[in-house]
There are 2 protein chains.
Amino acid sequence: MAVATQSLEELSINSIRFLAIDAVEKAKSGHPGLPMGAAPMAFVLWDRFMRFNPKNPKWFNRDRFILSAGHGSMLQYALLYLFGYDSVTIEDIKQFRQWESKTPGHPENFMTAGVEVTTGPLGQGIANGVGFAIAEAHLAAKYNKPDANIVDHYTYVILGDGCNMEGVSGEACSFAGHLGLGKLIALYDDNHISIDGSTDVAFTEDVSKRFEAYGWHVQHVENGNTDLDAIAKAIEAAKAVTDKPSFIKVTTTIGYGSPNKANTAGVHGAALGTDEVALTRKNLGWEYEPFVVPQDVLNHTHKAVERGAGYESEWNKAFADYKAKYPQEAAEFERYLSGKLPDGWDKVLPTYTPEDKGLPTRKHSETCLNKLSAVLPELIGGSADLTHSNLTELKGKGDFQKGQYQNPNIHYGVREHGMGAIVNGIALHGSGLIPYGATFLIFTDYMRAPIRLSALSQAGGIWVMTHDSIGQGEDGPTHQPIETLASLRAIPKLTVLRPADGTETSGAYKVAIERAKANAPTLLALTRQNVPNLAGTSIEGVAKGGYIVVDSDGTPDIILIGTGSELSLAVTAAEKLTAEGKKVRVVSLPAWDLFDAQDAAYKESVLPKAVTKRLSVEAASSFGWHKYVGSEGATVSIDTFGASAPGNVVLEKFGFSVDNVLAKAKELLG
Amino acid sequence: MAVATQSLEELSINSIRFLAIDAVEKAKSGHPGLPMGAAPMAFVLWDRFMRFNPKNPKWFNRDRFILSAGHGSMLQYALLYLFGYDSVTIEDIKQFRQWESKTPGHPENFMTAGVEVTTGPLGQGIANGVGFAIAEAHLAAKYNKPDANIVDHYTYVILGDGCNMEGVSGEACSFAGHLGLGKLIALYDDNHISIDGSTDVAFTEDVSKRFEAYGWHVQHVENGNTDLDAIAKAIEAAKAVTDKPSFIKVTTTIGYGSPNKANTAGVHGAALGTDEVALTRKNLGWEYEPFVVPQDVLNHTHKAVERGAGYESEWNKAFADYKAKYPQEAAEFERYLSGKLPDGWDKVLPTYTPEDKGLPTRKHSETCLNKLSAVLPELIGGSADLTHSNLTELKGKGDFQKGQYQNPNIHYGVREHGMGAIVNGIALHGSGLIPYGATFLIFTDYMRAPIRLSALSQAGGIWVMTHDSIGQGEDGPTHQPIETLASLRAIPKLTVLRPADGTETSGAYKVAIERAKANAPTLLALTRQNVPNLAGTSIEGVAKGGYIVVDSDGTPDIILIGTGSELSLAVTAAEKLTAEGKKVRVVSLPAWDLFDAQDAAYKESVLPKAVTKRLSVEAASSFGWHKYVGSEGATVSIDTFGASAPGNVVLEKFGFSVDNVLAKAKELLG
């Protein structure tokens with residue numbers, strides 16, 4: 001069909017298709033198939049429904065859009081370009097997948113304004129969307145008034161077959177159905193092609209029926225290639241259902257318009273090639289050069305700029321009214337949006353002395369969370385069905401449930417992976433909420449992808465992980481972390497904190513809250529078992545990542561380095577060695593990355609190069625410790641799997657006793 | 001109801017309940033609720049249906065039983081005890097959850113004969129069950145004859161609400177439905193209680209409808225507490241459906257029989273307490289002392305011993321007939337069961353010289369897999385929808401699909417986590433199959449739990465992970481491993497191999513295959529991009545984990561240590577340094593744990609203590625490298641996230657170039 005006979009909408013949709021085709025062709029790398037097939041639903045959504053302000057991509061009350069099928073990133077870049085965002089110019093599109101471009105291979109929220117979340121690892125985006133919808137519902141329930149809907153937006157997600165095969169999407173969508181999140185609308189690009197070919201080779205379930213089972217409102221658009229009105233009607237119907245999330249299966253043809261590659265895996269993740277691009281141009285009647293969009297299209301799509309300015313100014317006016325009527329709520333809400341903490345918030349964090357009763361650090365964590373919640377109502381979170389083991393309940397604050405969205409205690413169910421992605425979504429909603437998610441430390445293995453993504457995509461959540469060693473005890477090796485701390489410490493930009501006692505737990509929360517407000521995640525590793533409160537620990541010390549808790553005069557003969565529950569073993573061993581006339585220093589090292597970030601002088605003052613007799617004490621793998629104990633040091637550690645028995649027995653059997661620490665220290669001292 | 005009026009079945013079921021109650025009570029730790037509620041379905045299954053030989057728990061053709069809800073381990077220990085297994089005596093049950101007992105907190109296949117797989121991390125067991133059913137279907141299709149069903153058993157799984165909330169179970173069960181695995185029968189202990197309380201707080205989906213959507217045959221037993229015939233009828237009906245896996249929702253009461261704690265979260269994971277135990281005894285009319293099982297019950301259940309001996313001898317006879325008629329198939333099948341490799345199998349592994357064309361190690365991996373498959377037909381596996389990226393297809397061997405179970409190429413779909421657990425299931429089926437699973441290295445984050453479990457539970461699979469560094473290129477940081485190698489190397493008993501070229505890839509497969517037959521898993525990290533074939537690499541060197549590939553006379557001035565694609569950078573830098581008169585050694589370190597396991601003399605011969613100037617070169621995190629480079633060494637590494645751009649650009653920008661290696665080496669040399 002020649003251009004002359006194409007409607008403005010058809011031209012716009014073909015513009016998206018060819019921007020994707022041409023960008024992938026130039027980069028010789030990328031995924032043209034999804035943008036070509038999903039362009040109609042995406043265009044209808046952005047053009048007829050979505051409320052956003054291209055010139056202020058962070059305007060609070062915007063509808064959120066997530067491309068869960070992140071490999072189709074050119075779809076999103078084309079939309080941002082067409083609808084007038086400054087972040088993606090036609091030059092940026094020409095730089096698709098090149099070094100430091102605004103158009104990387106997968107959408108990265110930290111690279112490109114208008115991209116809400118980083119997607120690519122499949123299934124994460126839809127689960128982030130559940131987090132967005134939770135954040136919206138929570139803020140709406142808290143701040144809206146009968147006469148003022150200042151929080152009122154939709155979350156739209158486009159997801160593909162891959163997303164729907166991943167368990168994380170199932171976990172999050174089951175939970176969304178349970179919660180009845182009516183403003184979450186997912187469009188499923190049902191193109192029945194994945195990388196291995198037809199989805200018939202591996203994926204023949206009835207996806208719609210599954211979403212019905214989850215309690216979603218489900219529709220089907222049979223012709224997602226050309227029936228734009230059917231797409232629009234389905235979105236309208238989805239909006240009309242307010243007590244259930246909506247799932248719209250939109251059947252499309254991957255690589256629509258390519259005469260030889262449409263409906264094949266060949267168009268999923270590779271350039272079409274010169275000949276096929278030409279044939280596709282011919283087939284779709286596309287007379288334009290690469291990277292050229294008809295002016296009529298731009299004239300139309302750029303209207304979004306004025307429209308968006310209008311939305312925002314309307315909202316600003318509404319918010320001004322709200323502020324006049326509800327100054328207290330407005331002040332709190334504005335503080336949320338500012339990303340600031342209230343003055344003196346950290347004064348609520350308790351410190352302890354050795355006279356205070358020894359408790360598990362998970363119990364200290366509970367105290368911190370509850371005290372903080374009184375001054376930081378933006379705390380919202382919960383556990384993956386281990387609330388009373390993780391001790392994460394904000395007491396007296398109620399459960400976040402359908403019709404009770406104002407409450408902050410979320411019961412995630414046994415869905416660690418979904419929880420992780422939802423926590424990231426709440427953080428990246430960008431409304432100042434501080435989300436947290438909890439489980440046993442070992443089960444970070446179930447949610448490692450979202451933990452990594454929190455660090456990569458600057459999602460400031462707090463991971464509250466308890467039962468952090470073989471001290472866990474009877475549950476045995478499947479529940480006892482060994483290598484887990486090392487595996488998490490290795491993640492760039494994730495601070496892993498393993499506090500030793502009550503004071504250090506307060507210090508850990510001070511770091512975690514400040515990092516959350518700076519869009520950086522923190523993981524806390526907390527004990528199941530009691531630990532004594534130590535004399536030398538401090539909130540300030542924790543912030544430095546490593547510091548001296550016990551010292552002798554002059555250069556020490558040996559340095560014992562401990563973390564968490566084993567710091568007290570080091571302290572007691574040091575006392576005994578000192579009594580035997582040795583000069584001993586004990587260093588607490590609760591956060592390796594924070595210590596590494598200190599200046600050289602500080603680091604030398606804590607771990608002087610001259611002192612090569614160093615012994616680490618941590619009920620975990622020795623992996624990574626050689627950086628601190630050095631070539632001549634040693635570790636008290638466990639490099640095998642644990643065992644089932646009472647926690648104190650397991651710890652003792654694997655050498656986490658004062659006697660063994662002493663013995664190892666003496667070996668080093670020679 | 002007094003004992004006198006209880007049927008033998010009721011007495012047996014109550015025996016299971018009280019063994020669980022009493023063991024948990026004695027240990028003061030454990031989960032009585034599930035065994036109390038699920039005892040009826042478990043007893044009916046074991047007593048009326050399951051075919052096994054208690055005196056030979058490894059008899060090949062046994063029905064397999066998996067307790068996916070592993071926290072209910074006392075259910076399984078009680079069954080093993082009652083049905084005459086030697087592995088669990090009444091004394092063992094009294095040692096529940098104690099050091100080195102046969103009855104650890106969660107079922108561990110390596111501790112207790114009769115336990116097929118290690119469970120505890122929820123959702124894994126049902127997914128392992130899918131692996132069992134795949135193994136059975138594959139072997140049956142390969143070896144059965146019209147007149148001889150030598151492979152013919154069921155896989156039964158009991159799973160709970162927690163398992164059903166986990167995404168991994170959804171992935172695996174969707175796949176099982178796709179494959180139509182008719183001999184997989186899952187009983188869902190629907191007790192609507194999880195740790196946080198009623199499942200109403202988080203889990204209100206229609207689970208049965210979801211399984212229907214997956215293509216399963218679904219039934220509901222409304223009264224799983226006392227309607228034993230309904231349970232039996234449902235299992236019979238499930239067996240009658242041969243083209244779909246069966247899901248039987250059995251509604252039960254958690255902690256059945258406890259007057260005050262039944263149907264509460266309080267009975268899920270804690271001892272009942274003395275008073276409630278007494279009340280439960282009264283309520284169920286149980287007149288026996290703790291750990292006493294009525295002799296009538298034992299007389300009945302021990303009949304399983306004779307029955308089992310009969311099953312096995314029947315099968316032995318049938319197999320003898322089979323062997324007479326089909327000697328070739330029988331010989332192969334017997335070799336499978338023996339765990340032995342055929343003589344000279346490793347002769348097919350190619351070696352290369354620098355004159356051979358440089359290829360990606362994933363391409364060498366494809367060559368190895370295909371060459372090995374010709375001599376090791378027990379290789380079975382595939383990719384999570386990245387077959388043509390991972391290059392894991394066994395060419396010309398056909399796809400494993402419904403009705404085509406004899407073929408070895410499995411298309412897992414985009415289900416990494418499910419794939420991991422299925423691979424473990426195939427390995428732990430114990431029939432000599434060597435399963436492998438493939439995806440991009442970064443997506444081990446999605447399947448870390450089963451990878452860890454493979455190491456813990458001695459499941460000899462091969463993890464084929466490609467695109468192993470920022471050399472991945474354009475897909476960007478979500479697809480580029482940084483900390484991934486470190487996080488995997490930290491897992492105890494997992495060998496992580498990163499071969500440098502074609503010869504080392506052959507060496508890696510030699511290790512992996514031998515380990516698989518020894519029930520140990522291996523993970524291969526393979527490049528997307530081309531690497532040259534090097535002069536000094538060898539299959540034997542790889543087996544040692546680390547070895548010298550380039551050396552100069554006498555004590556070296558510096559040692560460069562490389563792995564994978566970066567070894568060639570080290571070699572080239574060494575040539576240049578040598579030309580400048582330096583004495584340089586290059587060490588290849590493809591497998592840290594294998595090197596660590598060498599004797600001290602060998603290690604000293606490769607990395608002499610006296611040589612402290614050491615530089616590692618690896619396109620990954622420095623985390624863990626200090627163990628090898630020592631306090632005075634340095635690393636060429638990347639400790640931030642990657643970026644989207646062509647692979648060679650990304651590598652260059654982050655310092656993985658000969659020039660940068662040279663510069664760093666010269667810095668060290670001073």
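Just so it is clear, glycine is given a Cβ too, placed from its N, Cα and C backbone atoms.
The following features are taken from TrEMBL:
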type: SITE; residues: A:His31; note: site 'Important for catalytic activity'
type: BINDING; residues: A:His71, A:Gly120, A:Pro121, A:Leu122, A:Gly162, A:Asn191, A:His268, A:Phe443; note: thiamine diphosphate binding site
type: BINDING; residues: A:Asp161, A:Asn191, A:Ile193; note: Mg(2+) binding site
type: SITE; residues: A:His268; note: site 'Important for catalytic activity'
type: DOMAIN; residues: A:359-533; note: domain 'Transketolase-like pyrimidine-binding'
type: ACT_SITE; residues: A:Glu416; note: active site, proton donor
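Positions of TrEMBL features highlighted on the structure.
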| residue | record | CB count, 10 Å |
| --- | --- | --- |
| A:His31 | site 'Important for catalytic activity' | 27 |
| A:His71 | thiamine diphosphate binding site | 26 |
| A:Pro121 | thiamine diphosphate binding site | 28 |
| A:Leu122 | thiamine diphosphate binding site | 30 |
| A:Asp161 | Mg(2+) binding site | 25 |
| A:Gly162 | thiamine diphosphate binding site | 26 |
| A:Asn191 | thiamine diphosphate binding site | 28 |
| A:His268 | thiamine diphosphate binding site | 23 |
| A:Glu416 | active site, proton donor | 32 |
| A:Phe443 | thiamine diphosphate binding site | 25 |
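Using a CB-CB cutoff of under 8 Å against chain B, the recorded positions that qualify from A:His31, A:His268, A:Phe443 are A:Phe443.
A:Ile193 (Mg(2+) binding site) falls within a strand segment according to DSSP. Annotated pair A:Ile193 (Mg(2+) binding site) and A:Pro121 (thiamine diphosphate binding site), C-alpha to C-alpha distance, rounded: 17 Å. Counting only the Cα atoms, the space from A:Gly120 (thiamine diphosphate binding site) to A:His31 (site 'Important for catalytic activity') is about 12 angstrom. In the predicted model, the domain 'Transketolase-like pyrimidine-binding' (A:359-533) shows an average pLDDT of 98. Comparing the Cα of A:Glu416 (active site, proton donor) with the Cα of every entry in A:His71, A:Leu122, A:Asp161, A:Gly162, A:Asn191, these being the binding-site residues, the smallest distance points to A:Leu122. In sequence order, A:Gly37, A:Gly160, A:Asp189, A:Asp190, A:His192, A:Ser194, A:Thr199, A:Ile254, A:His268 are the same-chain residues whose CB sits within 8 A of the CB centroid of A:Asp161, A:Asn191, A:Ile193, the residues recorded for Mg(2+) being left out.
A:His268 (thiamine diphosphate binding site) and A:Asp161 (Mg(2+) binding site) have their C-alpha atoms 12 Å apart, to the nearest angstrom. In sequence order, the binding-site residues near A:His31 (site 'Important for catalytic activity') (Cα within 10 Å of its Cα) are A:His71, drawn from A:His71, A:Asp161, A:Gly162. Largest Cα to Cα distance within the recorded thiamine diphosphate binders A:His71, A:Gly120, A:Pro121, A:Leu122, A:Gly162, A:Asn191, A:His268, A:Phe443: about 34 Å as a whole number.
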